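K.L.:
The structure's right below; bear with me while I get my questions together.
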Amino acid sequence: MRGEVVHIHLGQAGTQLGNSAWELYLLEHGLTQDGRKDPDSTVAGEGGSYDTFFTESSNGKYVPRSLFVDLDPSPIDEIRTGPYRQLFHPELLISGKEDAANNYARGHYTVGKEMAENVLDRIRKITDNCHSLQGFLVFHSFGGGTGSGFGALVLERLAQDYAKKCKLEFSVYPAPRVATAVVEPYNAVLATHSTLEHSDVTFLVDNEAVYDICRRNLDIPRPSYEHLNRLIAQVVSSITSSLRFDGALNVDLNEFQTNLVPFPRVHYPLISYAPVISATKSAHESFKTSELTLQCFEPNNQMVVCDPRNGKYMAVALLYRGDVVPRDTSAAVAALKAKSSFNLVEWCPTGFKIGINHQKPMSVPTASPADGGLASVDRSVSMLSNTTAIAEAWSRLDHKFDLMYSKRAFVHWYVGEGMEEGEFSEAREDLASLEKDYEEVAGDYNDVDVDAEY
């Protein structure tokens, strides 16, 4: 028994990401769209441990341990009428009557607060059915109203009720040039401020970076959210694969935290995935372990727009899947460390955590190869790296926040929902000190008296 993981999907981004993630899980476990074992599946018998993600019902159906919540009814209605309507427990699809209107304060204080108790009750129901709960994966965006405001509210409550359990976030972060709402910088700064203390590890994804990966590597001229989400789902799946399948080096949720977060506030790793290649091109490529590992460190394979060559790595987790042996991974890491462009901080000499899982990576089949589906490959690697370069992303966000806040633009919408204006400046100060934390970590720690602690 490896422990269960509960998925919580909040807001439109969380819901759509969740849809792609569960689509992939069903494929990996050999289950049909309504959660029964698929007789035609190639993974029959090797479906791994179902218990981690699914509860088995009395009639042999596997029901996901997941909760979908949105204050706006339409994204949840899409699931209720979509291809997976038979899969999810209807009580665990919760939608409100009015949406958060891209307003953090609505999601956190007014509309969201009314739904909070109901949502926490449902979470309690799911966790009561678990033998040994490992933790939570929370999917949401920092830019929307529900994702930021309600997401922060749910994480605050989880931190109270499940203090010892692991809480990992997958957050869609506002992209540098593409914005879906004018007030994204406000929502993101407020949400980051209120979740900093409550989340153990937050994996950031920005849509622009993933768009570029899809355009460049999969030759999709205009990628849709579905293309983006399927790519992100591959990383989500790798993170939990060793809880579900056997491998040479297993990694559980707590290990991410232990190995990736040197200081509690600095918990925003970058993620990247290789190989991202279309089915039409895959015949011309070799996917050696060492090549895939190097691909992960290319700036244009990373899911947040920032340049890791400008920063230093504090810790890196490499999660391999498929036909990979430990000797190859050690050689790949040694080759990496020898490169001059790879900078580790001085105070963390090893810096690498490796996971190996024997389950081959799978991808959701598309109607035609031209649709930009991922090629089926024998091995893949997901990289989670805590690097000081991600401070670039924070400073971009803070700059946008400052431009609007200097004129107090749009602030009345937040104050009108019962939020105090002081919370804006408090949140902004918190992010300024987060940027400072990254600067200090990147600097040498030689001036700190390390012996004083012992």
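Every residue, even glycine, has its Cβ placed from backbone N, Cα and C.
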K.L.:
For the GTP site that Swiss-Prot assigns to Gln12, Asp72, Ser141, Gly145, Thr146, Thr180, Asn229, which of Asn118, Asn207, Asn254 is also named?
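P.N.:
Swiss-Prot lists Gln12, Asp72, Ser141, Gly145, Thr146, Thr180, Asn229 binding GTP, and from Asn118, Asn207, Asn254 it also lists Asn207.
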K.L.:
To the nearest Å, how far is the Cα of Asn207 (GTP binding site) from the Cα of Glu255 (active site)?
P.N.:
27
K.L.:
So for Glu255 (active site), how many other CB atoms are inside 10 Å of its CB?
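P.N.:
Its Cβ has 15 other Cβ atoms within 10 Å.
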K.L.:
Between Ser141 (GTP binding site) and Glu255 (active site), how many Å separate their Cα atoms?
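P.N.:
Cα-Cα distance, Ser141 (GTP binding site) to Glu255 (active site): 24 Å.
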K.L.:
Quick one: among the binding-site residues Ser141, Thr180, Asn229, which has the most Cβ atoms sitting within 10 Å of its own Cβ?
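P.N.:
Of the binding-site residues Ser141, Thr180, Asn229, the highest Cβ count within 10 Å belongs to Ser141.
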K.L.:
Output the one of Gln12, Thr146, Asn207 that, of all these binding-site residues, has the highest number of other Cβ atoms within 10 Å of its Cβ.
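P.N.:
By the 10 Å Cβ neighbour count, Thr146 comes out on top.
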K.L.:
Would you mind pulling the longest C-alpha to C-alpha span across Gln12, Asp72, Ser141, Gly145, Thr146, Thr180, Asn207, Asn229, which the record has binding GTP, in angstrom?
P.N.:
21
K.L.:
If you draw a 10 Å sphere on the Cβ of Gly145 (GTP binding site), how many other Cβ atoms land inside?
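P.N.:
Summing over all protein chains shown, Gly145 (GTP binding site) has 29 other Cβ atoms within 10 Å.
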